[in-house]
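Next up is a structure, given as structure tokens.
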Amino acid sequence: MIIEINQACDLVIFGAKGDLSKRKLLPALYKLEKSNKIHKNTRIIGAGRADWNIQEYRKIAKTAIKNFLNEEIDDIIWRKFSTRLHFCNIDVYEKLHFFRLKKILDQKKNIIIHYCAMPPDTLNSIFIGLKNASLNPNSSRIILEKPLGVCLETSKKINNQISKYFSESQIFRIDHYLGKESILNLIALRFANSFFFHNWNNKTIDHIQITVSEEVGIEGRWNYFDTTGQMKDMIQNHILQILTIITMDQPKNITSESIKKEKLKILSSLKSINKSNINTHTVRGQYSSGIIKGKNVPSYTEEQGANKNSKTETFVAIKVNIENKKWFGVPFYLRTGKRLQCKYSEIVVFFKKMPINLFKTSNLQEFQNKLIIRLEPNENIKVDFLNKKPGLDQEYKLENSQLEYNYLSKKYPKILIDAYERLLLESMRGIQSLFVSREEIEESWKWIDPIIDAWKKTKNNEIQLYQSGTWGPENSNLLLSRDERFWYEFN
Ligand code: BG6
């Protein structure tokens with residue numbers, strides 16, 4: 001068995017009581033333990049406002065791992081993992097509490113990593129508290145969750161605040177989509193295959209659709225979600241990251257600097273959406289009650305803790321244009337929503353129709369080659385094309401065919417790496433390439449802010465209700481049918 005030697009770390013999780021820590025971080029760390037990726041002296045210190053002792057924290061962690069990993073916990077692995085877990089009762093607004101943390105940390109031997117799984121408005125207190133207790137030495141690292149801020153101004157503010165106490169090489173800004181196998185594969189697909197490489201521009205591509213559909217609602221996170229909405233929760237980060245990866249030019253090399261540089265060029269070329277085009281370019285919706293997989297689910301405003309009058313969007317569809325030579329005239333249609341029919345993410349590349357039809361018995365005007373990249377679940381790649389129907393017919397008869405490659409499920413059934421697993425490991429290794437730069441985040445906000453602003457000011461673009469378990473509000477279809485296009489149906 002190969003044991004990977006990372007540096008020994010003290011990983012502090014601020015927000016240990018929170019959803020992210022229980023749902024994603026602890027299960028991912030347990031999986032890393034299982035695959036022997038964690039240094040033997042690494043420790044995990046949950047930090048939060050609770051007077052749990054170590055035993056209580058370990059018990060809570062075990063339940064969370066069991067619930068969210070959906071597998072039986074292996075006793076031997078758990079015993080090893082649980083000895084790494086410690087807890088520090090800390091209120092991040094109390095400067096002196098950081099000295100409690102200092103007592104637990106082993107600064108001489110271990111590299112300290114602070115994971116801030118806390119809302120944006122608490123971050124500065126964490127930075128200052130860490131600085132006061134000298135818990136920000138050059139060797140330490142700090143991980144920031146998305147969304148970073150709630151607009152350009154607040155994002156800049158956080159970046160300016162953190163830059164007083166940590167240098168850029170210490171800051172890891174997370175977007176967990178960048179840790180997903182299928183998203184990383186997009187780079188290989190585009191830049192290792194001349195077939196795709198040469199056909200990736202406005203001469204061959206008609207338009208591209210990106211769907212990230214979620215079945216879950218807001219999972220008890222009403223307070224967080226209601227001030228965020230789907231636009232800041234999903235589009236500003238995950239979906240814009242997918243968009244930049246599929247549209248960026250070939251980077252000079254495969255280093256994080258070169259890739260980030262290309263992604264940034266795309267972000268700064270996004271055509272702005274404002275009051276003048278908000279109605280033709282965006283749709284927003286909020287889920288009403290409905291049935292998903294045979295189960296009744298409540299509306300957004302009936303969720304636990306909800307404000308009945310909330311106008312926060314849980315669904316967004318946007319038509320995006322990129323103002324550069326390569327993509328001039330190619331629309332990108334993005335959509336994402338909660339409580340839709342099922343969970344799946346997909347990119348569909350529609351190629352241009354044939355200019356001339358040699359096959360008079362077929363209506364080529366109806367047909368477009370498509371490349372369908374299923375990001376999850378069941379990662380696969382399909383190509384839609386036409387074939388001659390075999391037979392003695394005098395005339396050519398064409399039929400639709402599909403090439404399909406199951407990227408992960410068949411060939412590598414055991415390699416199911418969770419995005420957080422990969423990113424936590426990268427942070428322990430001290431490698432920043434799968435993290436997002438300050439510039440990318442600020443550039444995204446520059447494009448997002450005017451949209452949110454226009455939504456507030458434009459009366460006709462009111463939020464539309466959609467029934468849970470459907471594909472979103474009716475206007476989402478209108479966004480495409482106006483251009484004589486249709487959403488590629490889930491199948
Ligand atoms: C998170 C959002 O960043 O991503 C959640 O805050 C969303 O609201 C989640 O549900 C989706 O992630 P995934 O990996 O399940 O697609």
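In case you wondered, yes, glycine gets a Cβ from its N, Cα and C as well.
So TrEMBL lists these for the protein:
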ACT_SITE  H238  active site, proton acceptor
BINDING   R49, D91, V92, K146  NADP(+) binding site
BINDING   H176, K180, E214, D233, K338, K343  substrate binding site
DOMAIN    12-185  domain 'Glucose-6-phosphate dehydrogenase NAD-binding'
DOMAIN    188-487  domain 'Glucose-6-phosphate dehydrogenase C-terminal'
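For each listed feature, how buried is it and what is near it?
For H238 (active site, proton acceptor), other Cβ atoms within 10 Å of its Cβ number 20.
Cβ neighbours of D91 (NADP(+) binding site) (same chain, under 8 Å, six or more residues apart in sequence): R49, H97.
Secondary structure at H176 (substrate binding site), as computed by DSSP, is helix.
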Taking only the binding-site residues R49, V92, K338, K343, which have a CB closer than 6 angstroms to any atom that belongs to ligand 1?
none
Show me the subset of V92, K146, H238 whose Cα is within 10 Å of H176 (substrate binding site); these are the recorded positions I mean.
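If one measures from the Cα of H176 (substrate binding site), the recorded positions that come within 10 Å are K146, H238.
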By the DSSP assignment reduced to helix, strand and coil, which category contains D91 (NADP(+) binding site)?
coil
Suppose you look only at the domain 'Glucose-6-phosphate dehydrogenase C-terminal' (188-487); what would the mean pLDDT be?
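So the average pLDDT across the domain 'Glucose-6-phosphate dehydrogenase C-terminal' (188-487) works out to 94.
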Ranked by the number of other Cβ atoms within 10 Å of their own Cβ, which of the binding-site residues R49, K338, K343 ranks first?
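Highest number of other Cβ atoms within 10 Å: K338.
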Within 10 Å of the Cβ of K146 (NADP(+) binding site), how many other Cβ atoms are there?
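For K146 (NADP(+) binding site), the count of other Cβ atoms within 10 Å is 21.
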